[in-house]
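Engineer: Sharing the feature lines straight out of TrEMBL:
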DOMAIN    161-368  domain 'FtsK'
BINDING   GLY187, ALA188, THR189, LEU190, SER191, GLY192, LYS193, SER194  ATP binding site
COMPBIAS  438-447  compositional bias 'Pro residues'
REGION    438-459  region 'Disordered'
COMPBIAS  448-459  compositional bias 'Low complexity'
Amino acid sequence: MTDLVTVAELGGSLAAIGGAAYARHAHPAAYWSTVGLPLSVARLLASYSSTMDACGLTVEPPRWRALAVKATTRREVRPVPPRRGLIRPTSTGLRMRLRLAPGQEPADVAASAERLRHAWGVHAVHVRDIKPGVVELRLVGFDVLKKVRMPRGRTGLGALQVPVALREDATAYVRDYRAVPHELVLGATLSGKSMYLRNLLAGLATQPVVLVGIDCKRGVELSPFAARLSALATDPDQAAELLPVLVKEMEDRYDLIKARQGIAPGTPAEEITSDIWGLPDAERPAPVVLFVDEVAELFLVATRKEEERRDEMVTQLIRLAQLGRAAGLYLEVCGQRFGAELGKGATMLRAQLTGRVCHRVNDEASAKMALGDIAPEAVWAACSIPSERPGLAVAGDTSGGWSRIRTPNLSLAAAAATCRAAAHFAPDVPALSPFRPHVPPVPPVKPAGPSGSPRPVTE
Ligand SMILES: Nc1ncnc2c1ncn2[C@@H]1O[C@H](COP(=O)(O)OP(=O)(O)OP(=O)(O)O)[C@@H](O)[C@H]1O
């Protein structure tokens, strides 16, 4: 009895010390590196073999080894766990590689991820296939999506790649336009779509990319970035004028590529190209990213005349999505729903948008519009996003892979300031100059009083 009380008291005191240590650290990452990391490493080292055994991840040892152990030590021959590599600490957890035993596959380890996380006292365990026979375990010490901090360093990122959000395994989710040219971003109102676009725009602003916006909510979402936008349409009428110009730009680029293909015989193979990326640097036109905020506004019609205009716009969008990649034109389409009920061409356009990001939605049907053709689990994950976590989303592509992501909380003022400072990065596209948005002057900041607080006028 005394022993039990002592153990309970000890447990209580340790929990209290842990709680106090947690409260002392402003960010869970600080708590993790000082308290969580040593604890988890100790747990992992002490219980690796027994945990693997309990999770059914051990195999019988080879016969020669069993015989050798019996002959030399007379000990009982125990099943062997996968061979473990070095444990590498990271700012958010631990990493280690496992060499799978014959007969095991990565899915076996992935199926035990939940059990492993409880055994080692970490927030999550993620399994990644590295090469045949080797998997990497990423142990994440705390909920990294609660307060997003992007990993430092952009090494290895090239043109048109933007680390726009954080994945739940603490790696960056990179929006790579050259790998996934077009993307659909769905979500209910206040789910975090604008925050996603804001992060993307701020990431692209400092690259030599033409940024074009269609924001039929009178420009409220995209106008703050006007300084960096080469063109902005703020209602369906302006969009109807802008889209044919973009289609013409795409056709001109195809002519340029064709001219290059018609070069003399004997030209080296690497100079023959089928997209703008094969053109020499001096001849290559700058890539264009078209942001469409609230795509449903382009589809809505009240009169017969508007219906004709809608059909034309949808056809032009479909053409941009079908043929734009080779000409360096990419689409980022954003909306609350994107189903067949929007009208003619909606499902065809949606099918062209390979990348899918689904924020919190109001019903399962909306999640299916974004993720239904990816994986049923992805739909379920999107339906369980809580409303108190705006910015949380499920990102997938039509290859079937998906992950939970969350954008960093970037204020509108900071994103707008980035765009203003990067205005000189906007490449010159003469065809788009009639659509260049008006950039209002920045209101001067009023100097604060000595104490920083406003003084009463009667003073
Ligand atoms: N990643 C995030 N972290 C913290 N807060 C966020 C995040 N994303 C969005 N928010 C907050 O959630 C609120 C809604 O975000 P946002 O405006 O991006 O939603 P939305 O889907 O564009 O809504 P609407 O369709 O009504 O414009 C904002 O107050 C924003 O600051």
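Backbone N, Cα and C atoms are what each Cβ position is placed from, and that goes for glycine too.
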Engineer: Which state, by DSSP, holds GLY187 (ATP binding site): helix, strand or coil?
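Structural biologist: Going by the DSSP assignment, GLY187 (ATP binding site) belongs to neither helix nor strand, so it counts as coil.
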Engineer: From the centroid of the CB atoms of GLY187, ALA188, THR189, LEU190, SER191, GLY192, LYS193, SER194, the recorded ATP site, which same-chain residues not already listed sit within 8 A by their CB, in sequence order?
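Structural biologist: Other same-chain residues near the ATP site: GLN336, HIS359, ARG360, PRO390.
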Engineer: Roughly where does the domain 'FtsK' (161-368) sit in mean pLDDT, to the nearest integer?
Structural biologist: 89
Engineer: Please report the DSSP secondary structure of GLY192 (ATP binding site), reduced to three states.
Structural biologist: coil
Engineer: Within a 10 Å radius around the Cβ, which one of these binding-site residues has the most neighbouring Cβ atoms: ALA188, LEU190?
Structural biologist: ALA188
Engineer: Given a separation of at least six residues and a C-beta threshold under 8 Å, show me what packs close to LYS193 (ATP binding site) in the same chain.
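Structural biologist: Set apart from LYS193 (ATP binding site) by at least 6 residues yet with Cβ under 8 Å, we have VAL185, LEU186, GLY187, ASP293, CYS334, HIS359.
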Engineer: Which residue among the binding-site residues THR189, SER191, SER194 has the fewest other Cβ atoms within 10 Å of its Cβ, if you could check?
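Structural biologist: Among the binding-site residues THR189, SER191, SER194, the lowest count of other Cβ atoms within 10 Å belongs to THR189.
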Engineer: Would you count the other C-beta atoms found within 10 angstroms of the C-beta of GLY192 (ATP binding site) for me?
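Structural biologist: There are 25 such Cβ atoms around GLY192 (ATP binding site).
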